[in-house]
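S.K.: Straight out of Swiss-Prot:
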- 17-37: transmembrane segment (TRANSMEM)
- 44-64: transmembrane segment (TRANSMEM)
- 71-91: transmembrane segment (TRANSMEM)
- 101-121: transmembrane segment (TRANSMEM)
- 143-163: transmembrane segment (TRANSMEM)
- 223-243: transmembrane segment (TRANSMEM)
- 252-272: transmembrane segment (TRANSMEM)
- 284-304: transmembrane segment (TRANSMEM)
C-alpha cells in the first residue's frame, strides 16, 4: 500500500511540474526571454526527472522486475526518456528550443498514462512466462529508448517543415505587406535610408529563422541517429529472445512487421542525409512519415491486442 501511494504521489508531482514548465515556456515565447523563468524551467524538469526515476525504482522494487511489462509502465518509461533528452542541452550548457518539444511530449505521455483509460493495468501482476526472461530489460528498454529518440527527432523535423512552409507561403506575404505599409508612410526619407531599413529588417528575420531551422535540423539528425542505433539493437535482441521463447528469430508478428517498417523508414532518412546538400525538407518529410509509423508500431498494435506481443495491450471496452 505504501508503494502504491508513493507511485501515485510521484506521478502527480511530475505531471504538475511539467505543466508549470510548459506554462513558463509559453510565457518566454510571448515575451522576451526572462533568465529567472528559464532557470526555473530547467529546475522543474530536473524535479520531473527525479520523480519519474523514483517511480520506476519503487515499481521495480515492488514488482521484483524491471517495470516494462505492460503499456502503462512503458509509457512512464517513455516519459522518463523524454526527460533525459530534455536535459541534454542543460548538461552541455546550451540554450535551444529542444525543450519546447520534449516538455509537452512528457506531459502528454504521462497524462495519458495516469488517466482513467489505463487504470486496469496500473496494478502489478505476475509476469506471463514469455516475459520471465533476462531479455526483458535489454529488449524492451532499447525499443522504448528508440521510440523516445525517434519521436523527438521526428517532432523537430515536423517543426522544421512548419517553419519552412510558413516562410515560403504566408510569412513572405505578410512581411511584404508590412514593408509596403512602412514605406508608404516614410516617403520623405531618401532612397538610401529606405534600402538600409528594408535590408536590416529582412536580414534580422531571415537570420533568426535560418538559425532556428539549423538548430532543428542539427538536433533532429543526431537524435534520430541515436534512436536508429537503439532500434537496431532492440530488434536484434528481440530476435534472439524470440528464438529462445518461441523457437523462431522472426515470425512476421504485427509488432515485428511494424518495427521493421519503422527501421526501414529511418534507414531511408539516414541514407538521404548521407547525400550532399540533403539537409532540410526532404529528410524532414521522411522523418515526419516515421513519426506516424512509430505510433502505429508502439501504440496501435497495443490497442488492437493481436499477435505474440498482445500481452502488452490494454482493454478498450
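Backbone N, Cα and C define each Cβ position, glycine as well.
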S.K.: Quick one: do the transmembrane segment (143-163) and the transmembrane segment (44-64) have at least 3 Cβ pairs under 8 Å, skipping pairs fewer than 6 apart in sequence?
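M.R.: Since fewer than 3 Cβ pairs under 8 Å link them, the transmembrane segment (143-163) and the transmembrane segment (44-64) do not come into contact.
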S.K.: Given a Cβ distance threshold of under 8 angstroms, which distant residues of the chain, six or more beyond its ends, lie next to the transmembrane segment (284-304)?
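M.R.: Distant Cβ neighbours of the transmembrane segment (284-304) are 71, 147, 150-151, 153-155, 157-158, 160-161, 164, 217, 220, 224, 254-255, 258-259, 261-262, 265-266, 268-269, 272, 312-314, 316.
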